[in-house]
Every structure is written in structure tokens, then in C-alpha cells.
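Visitor: Look at TrEMBL and you will find 12-31, 37-58, 89-107, 113-132, 144-162, 174-194, 215-236, 248-266, 278-299 tagged as transmembrane segment.
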Amino acid sequence: MSFKILWELGEIYTAPLNLFLILLGMAYSSFHYGLFFSWRVLLFTITLLFIHIAVNIFNNYMDYQNAKDQAYRQETNIIGREHLSLRSVRNIFFLFLGLSFISGLLLSYYSDFYVLILGVVGYYVGLGYSYGRRPINSLPIAETVPAVLSGFMIPMMSAYLVSYDAVTLDRSFLLNSFLAFFPMVLCMFNNLLANNTCDLEEDIRNGRKTLVYYLGKKSSVLLLHLSTAIIFIWIAIEVSLKKEPWSVLLLVGFLPFILPKLKIYFNKQEKRTTFPLVLKSMSLLMVGYPVFYFIGTLFS
């Protein structure tokens, strides 16, 4: 299997966003606890990369196996489109799953039981996204659960591992970090909501009933409107309460770039032409928020 195929099969091209989520956790730890780096967070980054690749390979494999729509199997899914051997796909999956398992156990050994539990939750959601009698991607929680897992759990674990010797993973830590990382949860939610809005007809043919199925396209577009507005309102409130550095308000400067793209999507929901505009807009926020947060820690 060539690296080009692995790049798409494991969706490695989306992995850099995880690095910015990790940076956000590190910046949060620096702002609140005066600690920015730990070797544990480096091991976490490696583990997360392996999990990311393994889970995406598995999801592509299960989507191919479960698809009822032959056009999707042969033209959309990379396994059918590139005529990949199912055996080789399984072998690559088990390779990265094993690597993530080994590095994850090491991370748990050098941290604590909480990290192990959070890792198990991550595996469960990642693999359960497309596996089982009722996989997550066929349910109305298909947008919410992965958004919380990525947008909150990744930076939260990063912050916890950086400040491992200084904090306790209690309700106060979880609540405060959730409030700080909630904008990232909304960005991930918007990506998934827009994706499922564009895929609604295909999802129905394949037996998937996501949140969009129940809301309908019009209400789903309105929800994305609302969610995007909340991102900026939320950040302003957090800064006014001195919970986050003032520098994250610089995200407002991205509005002239984001709003025209989103307006095109609001008028027409199409996977190939307008959905990438939502991805670009949310990716800009998911990169900008951690970077501006980090800049703020330099002046705090």
C-alpha cells in the first residue's frame, strides 16, 4: 500500500488539527497553572496520531462493508474506488491499532488510571462510530459525541498531562476546561453537521439517521448559523470573566474571511462545492483559537 493511499485511507491530512488542539491544552495549562510542556504530552501526541490513523482506516472499512448504496461503495469510499484488498486494509488497521495500544499503555503507566479510562472512552467512540448494530454515525448523536471527544477531550487531556504534577482531574478542572474548549467543540460539531447535511440523501439510502435526518436540511442550516454565532459570543464572555487571555478576541478579525464562505454554504448545501467552505472556515477558527490563546500566555 502506497503512502498516498494510506494518506487518504487513514485521513492523515486531518491530523494536524489534532496538534492545534494539543497546543490549546498546553496554552491553557500555561495560562492557568504556569506550565507549558511535559514529556507526557509528547507521548500523548504520538498515541493520538496512531489512534487517528487506526480509527479512520476502521471507519472507512466499516462504511464500505455496511454500505447499501453501490455507488458509494465503488465511487466514494476509497476502498472500492482504489480496489483495495480488504485483507491489506485490515492488516494496516491492526498495525496502527497495536501501535496506539502500546503507546497508550505506556502513557497510562506513567500517568494514572484516569488517563487509561479516557483512552478507553476514546477507543470506544472512535471504533463505535461505524461499528455495531447501531453505529454512532447512524444515530442522532453522530454530530455531538465525536465533537465532544475531539473538541474537548483532546485539549483537556493535553492540559492535564502538562500540569499532571500540579492539578487534580476533578469536577472543577473538567468544568473550567470544558468552558475554555467549548468553542472547539462547536467547530467540530459544525463540520460534522455540515457534512451530514450534504450527505443526507446518501445517509438515508445507507440506513443512517443522524441529527440532520430528524431536523431536516433547513433547520440544520439554521443550527449551524446559531452555533457559529455562539462561538464568538462564548469567547467574548469567557474573556470578560478573565477566564481566557484577551488575545483570543483577535478571532473576530477572521469574520470577514469566514462569513462570505458560510453564506455560500447557507444558500446551497453541496458536498463537493460548498461543504469545503465550512471546513475551511471552521479550520481557520480551530487553528486561530489555539494560536491566539498561546500568544496571550506570553503576555499574561
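Each position is counted from 1, following the chain as shown.
Each Cβ is built from the backbone N, Cα and C atoms, and glycine gets one as well.
Those TrEMBL annotations? Automatic predictions, nothing curated.
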Visitor: Of the listed stretches (113-132, 144-162, 174-194, 215-236, 278-299), which one yields the highest count of Cβ-Cβ distances below 8 Å with the transmembrane segment (248-266)?
Guide: 278-299
Visitor: Would you kindly list the residues that approach the transmembrane segment (144-162) from elsewhere in its chain, counting only those six or more residues past its ends and only Cβ-Cβ distances under 8 Å?
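Guide: Answer is 18, 21-26, 28-30, 35-38, 40-41, 44, 48, 107, 111, 114-115, 118, 121-122, 125-126, 129, 136, 169, 173-174, 177-178, 180-182, 184-189, 192, 211, 290.
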Visitor: Six or more residues out from either end of the transmembrane segment (12-31), which same-chain residues have a Cβ under 8 Å from its Cβ atoms?
Guide: 6, 37, 41, 44-45, 48-49, 52-53, 56, 150-151, 154-163, 177, 180-181, 184, 244-245, 283, 286-287, 289-291, 293-294, 296-297, 300
